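S.K.: This is the structure, below, for whatever I ask next.
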Amino acid sequence: ISLQELMQPKPGANGTAVTEFILLGLVETPGLRPAVFVLFLLAYLVTVGGNLSILAAILVEPKLHTPMYFFLGNLSVLDIGCITVTVPSMLGRLLFHKRTVPYAACLSQLFFFHLLVGVDCFLLTAMAYDRFLAICRPLTYSTRMSPTVQRRLVAVSWACAFSNALTHTVAISTLNFCGPSVINHFYCDLPQLFQLSCSSTQLNELLLFGVGFIMAGTPLALVVTSYIHVAAAVLRIRSAEGRKKAFSTCGSHLTVVAIFYGSGIFNYMRLGSAKLSDKDKAVGIFNTVANPMLNPIIYSLRNPDVQGALWRVIKGRWSLV
């Protein structure tokens with residue numbers, strides 16, 4: 001089956017096919033749309049600016065040329081990608097008072113969103129493994145987490161996420177959509193499309209749970225296992241200062257993991273609900289906007305090395321003006 005055939009809508013039982021969807025967006029009151037536009041434009045600019053600043057800090061600061069910050073730099077790129085997949089198109093619809101999105105564009109957005117979120121999931125696991133090696137296996141850390149290993153972990157993350165995103169996109173393309181075509185959300189995602197299908201989504205939902213259990217459950221189990229070993233090793237450190245330093249390097253990562261998995265589980269474990277509500281929009285905002293915006297803040301808040309590097313980047317910019 002070719003990509004062009006995949007992106008063509010399938011006719012339903014009555015012979016008609018939905019060629020475009022109507023995204024209701026965040027607010028239906030026209031008077032509130034300008035405020036929503038400004039708010040989300042600012043959020044987008046802050047997120048892109050914050051993550052680019054983290055990237056610049058990692059590049060200019062020699063102290064940050066370590067595996068942990070290599071993964072953090074990749075995570076910043078993903079955060080920019082995640083918010084770019086959803087927010088600019090929503091801003092465009094608000095600006096031009098257009099609610100429709102073509103079938104192919106909807107599936108494309110679905111694919112890229114799941115691709116980037118999937119890589120995010122695996123990178124968080126690689127970062128947990130990095131902390132495990134640094135704290136529990138310090139003597140062999142440099143060989144076990146060599147630049148080659150780092151690049152392989154990133155490559156495997158992309159490969160696994162690509163297969164996951166493609167699986168769901170192909171599966172959703174087999175469903176029939178014959179109306180209604182209204183999505184009560186601001187971007188295309190699986191739960192919303194399942195509700196609009198006029199064919200059975202049971203296999204798709206089983207696939208989502210099954211593949212999700214493997215692709216998200218396994219990384220989460222590895223993260224938890226890594227941090228159990230890390231906690232045990234840190235508690236054996238005699239000095240309070242040593243324990244504090246070891247935990248400070250893990251605290252930011254654990255916070256990001258908790259937010260990422262918490263919002264993701266809430267979003268996809270409610271497929272059986274009869275009607276998707278405004279709560280799902282709130283979770284969607286958290287997944288696509290809040291998470292990418294919070295990550296630079298979380299990683300720089302308690303990290304003097306990142307703060308120092310960011311300050312040097314900002315001073316360098318001002319000196320060029």
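Easy rule for this one: first residue shown is 1, then count along the chain.
Even glycines carry a Cβ here, placed using N, Cα and C.
Quick caveat, the model's predicted, so the values are computed rather than measured.
According to TrEMBL, the record shows the following:
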DOMAIN    50-299  domain 'G-protein coupled receptors family 1 profile'
TRANSMEM  35-60  transmembrane segment
TRANSMEM  69-91  transmembrane segment
TRANSMEM  111-132  transmembrane segment
TRANSMEM  153-172  transmembrane segment
TRANSMEM  206-235  transmembrane segment
TRANSMEM  247-269  transmembrane segment
S.K.: Residues of the same chain, at least six outside the transmembrane segment (247-269), with any C-beta under 8 angstroms of its C-beta?
M.R.: 68, 117, 120-121, 124, 127-128, 131, 134-135, 189-191, 208, 212, 216, 220, 223, 227, 230, 234, 280, 283-284, 286-287, 290-291, 294-295, 298-299, 301-303
S.K.: Report, as numbers and ranges, every residue of the chain located at least six residues beyond the transmembrane segment (206-235) whose Cβ falls under 8 Å of a Cβ in that stretch; write 'none' if there are none.
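M.R.: Same-chain contacts beyond the flanks: 118, 121-122, 124-125, 128-129, 131-132, 135-136, 160-161, 164, 167-168, 171, 190, 243, 246-247, 250, 254, 257, 261, 264, 268, 271.
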S.K.: Mind checking which residues of the chain, 6+ beyond the ends of the transmembrane segment (111-132), have their Cβ under 8 Å from one of its Cβ atoms?
M.R.: 67-68, 71-72, 74-75, 78-79, 81-82, 85-86, 145, 153-154, 156-158, 160-162, 164-166, 168-169, 187, 189, 215-216, 219, 222-223, 226-227, 229-230, 249-250, 253, 256-257, 260, 264, 287-288
